[in-house]
Amino acid sequence: MLDILLPILIFSALALAAIGAVRRIRLWRQGRPSPVPVLRGLAAVPRRYLVDLHHVVARDKVMSNTHVATAGGFVAAMGLAIVVHGLGLAEGVLGWLLLAASATMFAGSLFVARRRRNPPARLSKGPWMRLPKSLMAFSLGIFVVTLPAVGVLPADAGGWLVALVLAAVVAWGLAELVFGMTWGGPMKHAFAGALHLAFHRRPARFSDKRGGEGRSTGLKALDLDDADAPLGVEKPADFTWNQLLGFDACVQCGRCEAVCPAFAAGQPLNPKKLVQDMVVGMVGGSDARYAGSPYPGKPVGEHAGDPHGPIVAREGTALVDAETLWSCTTCRACVEECPMMIEHVDAIVDMRRHLTLEEGATPGKGAEVIDNLIATDNPGGFDPGGRLNWAADLDLPLMADVERAEVLLWLGDGVFDMRNQRTLRALIKVLRAADVDFAVLGNEERDSGDVARRLGDEATFQSLARRNIDTLSRYRFESIVTCDPHSFHVLKNEYGALYPQGQDADYPVWHHSTFINQLIESGRLPLAPGQAQRVTYHDPCYLGRYNGEYEAPRAVLRALGMELVEMQRSGYRSRCCGGGGGAPITDVPGKQRIPDMRMGDVRETQAEQVVVGCPQCTAMLEGVVPPAGNEATAVKDIAEMVAAALDNTPPATPASHDTAASQATEEVLS
């Protein structure tokens, strides 16, 4: 009897899944075009799954092993079940392989069931709570019905009643895991996730065959000359089709929710919920069906679902509140933690672009900052002719005078800030101590455009960027060095797309911590370690998660003889200071302030100082008032730490200095 029922069940489930797949693909194709290399993408799926996806999953060893057993067992068991029971080819080892695959899957499902007994708050509930039962039903059912195929049990064991029961168990598993995979069930992520890996919007994120780490973090430029292209995203169809596919790949594990600084601060942003809102906006349904945790203080509702209907509005009457979008600091912690490699920040900035460019709805001081950038080329509205007033006593060489230098020192967006001027003075002292041939643009330098772009004003960003590019192209230099990770990021990763056709950004861009470390390692900047201090280092988001630089600042601190103690959240899991993405400008209230939480992390280390490498981090962390009875922890830029150490370093002899400088020049410029 099972010989008749099992092929019917298996091929019926596959047929219904195929119908659901076509329906789902049609929904994704409502999005804007996005060319992808189809065959190359499909061929890359195994490597992207086994290397890149599991690189994230493996951070939790237990869940990594569980996922390998459950997912690997299911794929193998389903494929073998089609051959053994669907096609009736049970000869040889195929039946035994199916037993092994289903047993492996069952073992993995036991761990899934254990995790679902007391799930952490970040895990979605609803249909996901029945997933362990479905996994166990399918794996156990397939295991038992395969025993007669390999001769362990007689073909008619148990009679027709047992056969019907086993067929019902297998049907339950097939309905949830195969049919439900393309009809919005908990296994939807398996179908959408595989295609998402193949047709990812950022294929450069994936590691290459040589083992190199992939990284693609620059925002995509809007084509402002295309009159038919939407200025940002108002409705699901305004996303590219593979962005919609990516949202559908969400496994609702809540890792993004757990690391989001805005969510932790009680602001109305939950990145997991936001991704599910994109799905709900496309296909409809109740938010509660898709997500376990709503936004802080936001009701859970229903949406009819329409790819061409608005999902964001300035007054918060649509599915996504404007306040949700403006709460994001663009720290990229959610993207870094996502095992499905979904691009939350891209989606948020896309919707911000609509609010800013189409509706002029930038909250807080956003409109004032953008007006200042347009009128004065700086966010504070200061006289652009006064960019170097603070450095009148430093006699800084100007590129307009020298036309050529080893290093172009990019002063950055905080050049008018008195606190940041102290950092710049320290960096200039370090460069001169290392005998670096550098020059500055002076009044020719404009704001990098970072804050305009993060606030959604792509037009102002592109205007600033193109004028800066025109200025840079007039001079000769070996590299750009800056102490601002935000300027560093846009210069390195976002300006390249705006260069005129036929021109390239043919210069490296260094964060000052990396450049200082190069100088130390090459012997160009000899340091005598001073008195050891207990310090902790705060990783700037735009240096660490955006650009993968974690080691150089720590190497500099070790060279200074510092006792470095790490915060619990450091490196790629560093907590944001709250200063990125224009968040201090839009100023969406929450239950607590993000920088207060970060300084709480600092106090737990009992460090004497917290070392930073970003002017925004400095401003945010220094603005924290310590709790009663606690002394304020000093906040120092890494350039200030090195400059202070220079006061304790005896000068090198002229001969040895010249030799070291010559060798270092060759190394830095090679």
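Cβ atoms here come from the backbone N, Cα and C positions, even for glycine.
Record note: Swiss-Prot gives C250, C253, C256 as [4Fe-4S] cluster 1-binding, and the candidate from C328, C331, C338 in that site is C338. Residues C328, C331, C334 are recorded by Swiss-Prot as [4Fe-4S] cluster 2 binders, and the candidate that the same record lists for that site, out of C260, C483, is C260. Helix, strand and coil content of the domain '4Fe-4S ferredoxin-type 1' (241-271), in residues and according to DSSP, is 18 helix, 0 strand, 13 coil. With C334 ([4Fe-4S] cluster 2 binding site) as the anchor, the candidate binding-site residues are C250, C253, C256, and the one with the nearest CA is C256.
C338 ([4Fe-4S] cluster 1 binding site) is 16 Å away from C328 ([4Fe-4S] cluster 2 binding site) when you measure Cα to Cα.
The DSSP breakdown of the domain '4Fe-4S ferredoxin-type 2' (316-347) into helical (H, G, I), extended (E, B) and coil residues amounts to 14 helix, 2 strand, 16 coil.
Counting only the Cα atoms, the space from C338 ([4Fe-4S] cluster 1 binding site) to C260 ([4Fe-4S] cluster 2 binding site) is about 12 angstrom. Residue pair C331 ([4Fe-4S] cluster 2 binding site) / C253 ([4Fe-4S] cluster 1 binding site) shows a Cα separation of 19 Å. Close to C256 ([4Fe-4S] cluster 1 binding site) in the fold, though at least 6 residues off in sequence, lie P271, K272, V275, A333, C334, V335, E337, C338, H344, each with a CB less than 8 Å from its CB.
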